[in-house]
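Report on the following structure.
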Amino acid sequence: MFASRIRSRALGLHPRARFENTRLPASTTGRRYKSDETLNRVSSKITQPKSQGASQAMLYATGLTEEDMSKPQVGISSVWFEGNPCNMHLHDLSAIVRDSVHRAGLVPMRFNSVGVSDGISMGTKGMRYSLQSRELIADGIETVMNAQWYDANVSLPGCDKNMPGVLMAMGRTNRPSIMVYGGSIKPGCSAKGQKLDLVSAFQSYGQFITGQIDEKERFDIIRNACPGRGACGGMYTANTLATAIETMGMTVPGSSSCPADDPKKLVECENIGEVVKTMLREDIKPRDVLTRQAFENAMIVVNILGGSTNAVLHLIAIADSVGIKLTIDDFQAVSDKTPFLADLKPSGKYLMNDLYNIGGTPALLKYLLKEGLIDGSGITVTGKTMKENVASWPDFPADQDIIRPLSNPIKPSGHLQILRGSLAPGGSVGKITGKEGLRFEGTAKCYDYEDAFIESLERGEIKKGEKTVVIIRYEGPKGGPGMPEMLKPSAAIMGAGLGQDVALLTDGRFSGGSHGFLIGHIVPEAMEGGPIALARDGDRIVIDAEERVVDLDIPTEELEKRRKEWKAPPLRYQKGTLKKYCTLVSDASHGCVTDGPI
């Protein structure tokens with residue numbers, strides 16, 4: 001308790017903040033409890049047998065007592081590193097979680113995972129490591145949990161790939177597990193009073209090179225866009241995944257929408273030990289929570305919120321980890337019946353902090369349950385159902401305009417569209433909010449890597465008024481490698497005022513912060529000889545979101561001629577972790593998993 005007071009003071013929080021109501025629901029009495037003596041059924045494999053005396057000697061050396069040897073051990077995995085605002089505070093949060101777990105009569109064991117800052121690496125070769133870091137996080141947590149024989153897991157992620165990484169590890173190990181989201185950043189503010197976020201910084205480059213802002217204005221934006229700790233503030237990838245994971249029931253209510261520097265985030269951590277103990281006593285495991293219905297709910301909420309296309313990749317991969325086969329066509333079926341309601345960035349004007357101020361994710365789930373859009377009957381990590389979790393949560397204020405009523409949606413169907421056609425026979429993912437139109441025809445300009453397009457834009461080769469389909473290829477899971485995100489190009493297009501004139505196609509991915517007429521995840525990728533590798537400058541490209549078609553409009557004979565002439569380029573990496581990734585990774589339509597899709 002004394003240590004908790006010190007941390008609260010260090011973070012500038014009033015001592016009472018530690019005791020605020022975080023609306024953690026009381027444990028249900030409907031499930032059968034196990035006695036405390038059986039809660040260490042995993043760790044007892046090394047703490048009890050006389051034949052494991054060396055294991056016990058090592059544990060005594062870490063500070064465990066004789067009494068501790070009969071208690072459950074909880075692995076607390078933090079994706080902490082100092083070089084990223086999304087993650088820089090997670091070590092402090094994990095210390096609060098550690099103390100909470102200890103107070104609950106359990107043995108906390110902290111360990112760390114690797115991470116990549118998508119915002120820092122974006123537009124550089126470093127971005128090739130981003131998606132691959134999801135696998136490293138999953139592999140690392142799985143490794144420690146299994147090798148150390150921990151009974152339960154608490155994971156604290158912050159940046160984009162962290163969330164699916166920790167969930168995949170939970171699915172693989174299938175021990176009582178819970179996620180504590182690090183929370184999102186609060187908005188920045190320019191000298192002119194303009195609300196800013198990280199995407200403002202990305203778009204400032206396009207504004208600068210087209211003369212819309214000068215150097216002083218550009219620097220003001222990048223200096224003030226990110227005011228402190230927390231993940232990027234819009235409905236970008238981190239917040240999309242955190243919200244989806246809360247929807248599925250793998251966090252306590254409110255975890256996904258509570259800002260990183262809000263006192264209630266500390267309270268969430270203070271209370272997590274009792275939640276873990278409930279999961280252990282009731283034997284609530286990830287595969288009990290992560291059901292097909294839970295994934296259905298998550299896909300609905302992603303479409304309601306206008307969330308990141310990365311949700312397609314990551315939810316497929318998480319489902320794979322618990323033995324559920326989720327497909328890109330499942331996303332299309334959900335999108336067809338789900339309205340797009342949220343006026344959130346990148347396509348709207350509000351941030352996650354604004355949603356938090358009107359009740360956050362629990363208020364959203366309560367609203368969607370009331371409207372019959374999601375199913376609230378599934379069990380969650382609290383031991384209660386989603387419906388029970390949010391029953392006492394306040395409704396949205398009557399005058400809020402962040403979440404539209406069903407009678408007035410931004411778009412009557414979802415923004416995530418699965419497109420196929422002669423350019424993407426294995427599928428692709430479009431982010432079509434309706435603002436950019438539903439059909440685009442234009443002339444192809446092809447680039448074999450991201451920077452080649454940026455250089456072309458700087459030379460003024462992309463003209464306003466001309467309908468251009470920019471194709472950035474050899475950026476897929478194997479070709480990139482790592483399927484880097486094209487936020488730098490998409491933000492430059494929007495910043496340059498070319499959003500109505502340019503569509504962007506790629507076998508890479510898009511950041512959750514991207515918006516415009518965007519089609520990514522094209523399968524087969526260029527490195528595997530997909531039709532995207534065969535497109536040439538001047539080809540006519542047709543994209544029809546209503547018909548869900550993306551076509552390379554050239555004669556079949558010409559396409560076959562080009563196919564025979566095409567030769568696969570060498571892999572960009574011949575040694576190291578990315579070489580291993582290229583060897584193992586599945587295609588985008590199967591989630592880019594590296595342990596073989598089910």
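The backbone N, Cα and C atoms fix where each Cβ goes, glycine too.
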Field: Site co-member for Mg(2+) according to Swiss-Prot, given D118, E485, out of D68, D160, D448, D537
entry: D160
Which of C159, C446, C582 belongs with C86, C232 in the [2Fe-2S] cluster site listed by Swiss-Prot: C159
- prompt: Taking the centroid of the Cβ atoms of C86, C159, C232 ([2Fe-2S] cluster site), which other same-chain residues have Cβ within 8 Å of it?
  reply: N84, P85, N87, S117, D118, G119, G158, D160, I185, G230, A231, A238
Query: Given the binding-site residues C86, C159, C232, which lie close to S511 (active site, proton acceptor), meaning Cα to Cα within 10 A?
result: none
- prompt: What kind of secondary structure is C159 ([2Fe-2S] cluster binding site) part of, going by DSSP in three states?
  reply: coil
Field: Neighbour count (Cβ, 10 Å) for D118 (Mg(2+) binding site)
entry: 31
